[in-house]
């Protein structure tokens, strides 16, 4: 029987604990807040995230970081992206060369512009780089928790490590594919949250299906451009962590980032919307990171630039859409000269 420790009792950590426990895995779920851990122990429900979900008694809940770390050599990191480094630094003394790390949260660190697996690699010097991977794809926590059919991708630099992640997480309800392009998987799975905000804005101002289709298609093109500039395999963006994750995040009522964009379109300020949301919308901070990555590498990402201007420069959504629609004419498969070489 495989064992795993999940760090983070948010919606994804909670959903994954139920999924893995249902598959017969030994699961330890680490919660930062004692009151959350106490409530889960008492009621078998997380009071804040997915409160309707019944958490099996076989899931061991703890707030003791050392105890959680020592319970398994496979650690699933489900804390919010901008908190990952801090949590990892607290865990570092308990890591060793036999530990495997799986990034479950999606995002790009604001200060360093590193992906989640890169942050883990930066912090955990005692863990070999090829033992650090990610599990990404079109997978809303609500549906995974309910056991609805879902497909994701396990990415690790070494195929054997990717296969190990696949073996632990895969069940008849969660199909897991493998990929060794960790960078491409993480860029696709993170940058799509920026496009989801744009999709929500489009929904909020009732631009219709044509606009949404254009947004998803051209959004994928700019994510792929960024990925190629960073050295990712362009084929990855045609997979689950690329177009798959982009479609579900832009279309689903479960998407926090799409919802945030919809609320922004009503004239609310970003602070107002965030204060009203109980759960983290990773796309806000990821917008800063993707915008800065694109600038640093000279990659044109007009939709990302528009979302950045709306969120942080108080630009009108309608005016930014007009700017996008009146850009100079281009070939559909246009690429910067640097990416054609």
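Including glycine, each Cβ sits where the backbone N, Cα and C put it.
According to Swiss-Prot, the active site, proton acceptor annotation covers 192. Neighbour list (residue 192 (active site, proton acceptor), Cβ cut-off 8 Å, at least 6 residues apart, same chain): 219, 223, 242, 245, 246, 249, 250.
Taking the Cβ of residue 256 (NADPH binding site) as centre and 10 Å as the limit, one finds 23 other Cβ atoms among all the protein chains shown. Residues or ranges marked as NADPH binding site in Swiss-Prot: 11, 12, 32, 33, 106, 141, 256, 280, 282.
What Swiss-Prot lists as sn-glycerol 3-phosphate binding site is 106, 137, 139, 192, 245, 255, 256, 257. For residue 257 (sn-glycerol 3-phosphate binding site), the number of other Cβ atoms no farther than 10 Å from its own Cβ, over all displayed protein chains, is 26.
Counting every protein chain shown, the number of other Cβ atoms lying within 10 Å of the Cβ of residue 137 (sn-glycerol 3-phosphate binding site) is 27.
For residue 137 (sn-glycerol 3-phosphate binding site), the nearest neighbour among the listed binding-site residues (106, 256, 282), judged by C-alpha distance, is 106. Residue 192 (active site, proton acceptor) carries a helical DSSP state (H, G or I).
For the binding-site residues 245, 282, the greatest number of Cβ atoms within 10 Å around a candidate Cβ is found at 245. Largest Cα-Cα distance over the residues recorded as binding NADPH, namely 11, 12, 32, 33, 106, 141, 256, 280, 282, equals 22 Å.
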